[in-house]
């Protein structure tokens, strides 16, 4: 079987470009309209994409004065998308810092049941100060957040395993619904959590939801190497993409994992035209709608660099770029400005499309060339597609780029699997408790 | 306008009778099948019912060896039901003891957007010991749980109000998405919670979801009088129902609320037959499927009274029935056994149908008589319908009892409102922040 690439549609309001809501082809009033997202999910499914994905934070981030913010909570929304689709994977962002593992395990198990095995969890640790203030705590350090996240994952995985696959007997004649010997308290007692279990939702079609991660710091990459099955990442150049890809794959062995156990999906915002000129015109239209005050606020949020409008036509001031802790996005932004010798205004224009993700304008063939280049050159197992405007940017991708990828033999014509894991080519994890009993039985036999 | 009654369908797996899963008319494998619940919601909507409701706990309650337990998380499920219905209200149980108000406010705001204004929240405080052990805490006292619940409500209501109704401008030409003067930090700092806000989901169609409560203790009744807009309650006799109804309505004035601001909906499990004989046969079929060991475990869970199978054919032993704290269900059960002089086995049979809720077997007309009697005699504003088996028990109610109620002028023929609040005849709450500004403006004018 030839290696095929995997495609995820990253859904964000009416588009990833920060001025999307001002573009005449979008309808910002649809930000809280479930039919908008149902339409997007159906378009992605028409294109045989692996999954749709919703980012999230637990505070009102960004300046709502100048952008369409304040949309829907991802898990709640994805359940409504599950109801109108059959194949597309459904990936929700949920924080490990401000949640309890019992609730999170249960909601993903429920979404996995509801969708017939299509749930995925993008695990984030919530770096923001505003988020901490919505939960009455002092913002924990980067290291503390990742330590909590690791234990959180241990607990949720135990809870998902707490019902073995064959625990339900359903013997109505004898009156036995379940074999309670196959439903296990987890009795987890750790530094951050103490959870008895078992879960009160039975084991779901995928066993565990697909585990996704997007941190690019040292802690983030180690966490991904240990737990993640798909990684979303922002990489501006092919060389950086190759380095990240090789680095992350190299870390897997330490956790007993294989190269193919993790898919790496760099983000890309494709600005598509039937001609290159048309694509560049759309890019220019969006650029003309950018509000500098909004871009400066975003820059400050992403990098901590606070500037006023007076600074727009000068270069980015000198700032330290040490990648300590959560600063990986800051380094990417500063590197971009220096490498291309950008003024602050030019930098804001470059960030407006994808908040640091790569933006590529061109014909469907040119976009496909870019995807193919990264895929073949060891920088990607697939891509996180971030359409500049929605739904138009997604339907353009599905109707024009996907067929080009198919004809090149790079992408599927039909869904091959039944679950998200199967479409991503990833195994279904066994229940650790079932494995434990099998092992004990083997020991008993050997004696 | 004549007073009409309100009907809520209380959905529970394959039926409320504890032996429902063993009855040949149910399919216990549908416990985690979203299509089962979608079918139930559509049936309820066909009958013009006000709402469907899902109970919940955050631990595996009951003995799964002998009953179909381990279903889906309500909020996740209701969102999938919203996607396939247009009118029916969607009420989810969520605990205030093991959650954070920011998450809960946001999820209900999202469900309210997704459903077009049909979300309701059944507020519970999670009395169980097993629940505390899933969150690593010592079970809080009854009083502490209710104190936390009250502050939790204050915070969620502030968050729902944090975006005023007209905060979104959507002015794409000038580049103003929102009037940030109408999006308010809440800066709540209290004993249990410290939450800055604003919410990161805009104000939803109903403003606040419908608030529902079901505690019958002193604290529970005070909480309901202060916050609830609909109350679910278990009452065995008309006299008890009238007393509870009058008691709760009397408490409203202290909170500046009117008689009609709260609807009281006693639970009833209708066992329906085309003839009385047929109804009694169905009741007997279910009774014959009861597993005494399960019933004894339920009795212990509900009342704290622990008995063995040796006790089945004797009377209920003497136990104290002081209604302190969470003991209201214990009092109901002991009163029932003494009033009717039941053996333990007879008591278990009586509890098997509705865990202490009233069970009535009869023809559609006989069921309608019962509902009418309570409605007219000041014991109910409507009912929480708990079908013994699902979906059959619900479709029987909708197809045979509802038309009888309609012809008697007691129930609507069509939905009159657009939202759950409108169908329940309850007002849409204004944003407190908008009211504050209007008041300040008046003061300024008066000066």
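The first residue you see is number 1, and the count goes up from there.
Positions of Cβ are set from backbone N, Cα and C atoms, glycine also.
B:56 is the residue from B:50, B:56, B:261 that TrEMBL records in the FMN site together with B:93, B:142, B:146, B:216, B:217. Those binding-site residues from B:56, B:93, B:142, B:146, B:216 lying by chain A, with Cβ under 8 Å from one of its Cβ atoms: none. Predicted-model confidence for the domain 'Luciferase-like' (B:23-379) is 95, expressed as mean pLDDT. For residue B:216 (FMN binding site), the same-chain residues lying six or more positions away in sequence with a CB closer than 8 A to its CB are B:233, B:234, B:244, B:328, B:329. Sequence-distant neighbours of residue B:146 (FMN binding site): residues of the same chain at least 6 apart with a C-beta under 8 Å from its C-beta are B:125, B:219, B:220, B:222, B:223. Pairwise Cα distances among B:56, B:93, B:142, B:146, B:216, B:217, which the record gives as the binders of FMN, peak at 19 Å. Under the three-state DSSP scheme, residue B:146 (FMN binding site) falls in the helix class. Neighbour density for residue B:217 (FMN binding site): within 10 A of its CB lie 20 other CB atoms from the protein chains shown.
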